[in-house]
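Annotated features in TrEMBL:
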| type | residues | note |
| --- | --- | --- |
| BINDING | 48-53, 74-75, 111-112, 140-141, Lys245, 274-276 | NAD(+) binding site |
| BINDING | Tyr226 | substrate binding site |
| DOMAIN | 83-318 | domain 'Trans-2-enoyl-CoA reductase catalytic' |
| SITE | Glu75 | site 'Plays an important role in discriminating NADH against NADPH' |
Amino acid sequence: MIIKPVIDGVVARSAHPLGCEQAVLNQIEYVKASQPITNGPKRVLIIGGSSGFGLASRIALTFGAQADTISVSFEKKPSEKGTGSAGFYNDYYFKRHAKRAGRVAVNIHGDAFSQQIKDDVVEAIETYFEGEVDLVIYSVASGMRPKAESGQFWRSAIKPIGQPVSGTTLVLENDQWHNSTLEPATEEEAEATRKVMGGEDWEAWIDALINSESVAKGCKTIAFSYIGPEITHPIYLDGTLGRAKIDLHQTSHALNLKLANFDGGAYATVCKALVTKASVFIPGLTPYIIALYKVMKEKGTHEGCIEQMQRLFSSKLYGGEQVPVDGERLIRMDDWELDPETQARVKQLLDEINSDNFMQLGDYQGFKHEFLNLNGFDIDGVDYSSKIDTDKFIK
Ligand code: NAI
């Protein structure tokens, strides 16, 4: 069949295998041409390694630090009904290219929140890593988490806390500007979001690895967070997602103490706002992203996931004796985003951007192009008219 992009609101319903392969290859090329990651980890576990920051970190460490990797992800396989999700193909092609480069790449598909997958990973560490990991990256972005053995779920809600917030979503399906008002979350919704996106499962992973004696001397762990400028605080930092991220930051301190016993450390890493499968869902954030992209591209400071991860590992996490952190012990990869001159220009643009001019004033084209790229579309060098046999992936 010939695969075309299908977008439902802000959700991609199709993915192109060859485009996903090309997107992985482009990231590999970027890493190979960049500063190598010296003193990097050799055995890395990535929880959420099939797309976004997780995939980029896997590529950066495999091709920039010659690391072997185990990745856990939750992705849709192709079937008679659909093409499957981009993350499925990213995993498939990443593994192929990593193996060609002589690296071990193990893909484990399943629910990271479950005990079964944690046990499977411990077994894989035993088999492929001689029993120990040097770095654990927690990069799960999920809308829900099962409550152990009850058949019920915690569901995250992207909402403000305390008062309603009006925000705009850019609907990728039809390029429309859509205003909505979000009512404040109930206490139950805020708590459910913390359960899904906070630090609890990250801590459960590190505990499972410590208990199974899978933690190597000097082992580090990181998880990703977002803070953003004040204009995004009502929907992000002061809302349910922010509450979950504060929980994640606090977890990093608890884990830092636990890993100190192994001469290691734990860090919440604050990244830049980027287009990913997860971030396009956040109302109010997309106008900010198109303004930010416009300004950072003009200034030459724009980064995507791969540039952020390459810089994180080469200059921060493995850049010297000490990991550089701020007063709250956070690694700041949002330093270029929050540069005062950049933010002043973004704020000015946001005051001017509206439903009539957002395509001209903001970088909407770049935003949409990146979203299509995530799903293997709109990528140079890919023949989109060629017929794809998804049966081979099903088999
Ligand atoms: P993404 O949607 O691109 O990737 C999420 C990953 O989690 C995928 O590999 C997916 O398979 C995996 N996953 C989801 N549910 C799972 C489950 N139940 N079991 C196993 N794997 C599961 O997301 P993205 O944007 O890379 O987010 C990763 C982290 O980075 C999140 O914590 C997010 O809050 C954070 N972050 C994102 C920013 C952005 O602008 N995109 C900015 C700063 C932080």
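Including glycine, each Cβ sits where the backbone N, Cα and C put it.
Nobody curates TrEMBL annotations by hand; they come from automatic prediction.
Within the set of binding-site residues Tyr226, Lys245, Val275, Tyr226 have a CB atom less than 6 Å from some atom of ligand 1. The binding-site residues in question are Phe74, Tyr226, and the one with the fewest Cβ neighbours inside 10 Å is Phe74. For the domain 'Trans-2-enoyl-CoA reductase catalytic' (83-318), the model's average pLDDT works out to 96. Listed in sequence order, Ser71, Ser73, Glu75, Gly87, Phe88, Asn90, Asp91, Asn107 are the same-chain residues six or more apart from Ser50 (NAD(+) binding site) with CB atoms under 8 A from its CB. Other Cβ atoms within 10 Å of the Cβ of Val140 (NAD(+) binding site), summed over all protein chains shown, number 24. Here the Cα atom of Gly52 (NAD(+) binding site) is found 14 Å from that of Tyr226 (substrate binding site). The two recorded residues, Gly48 (NAD(+) binding site) and Tyr226 (substrate binding site), have Cα atoms 17 Å apart. The Cβ of Val275 (NAD(+) binding site) has Ile289, Phe367, Glu370, Phe371, Leu374 as same-chain neighbours under 8 Å, each 6 or more residues away in sequence.
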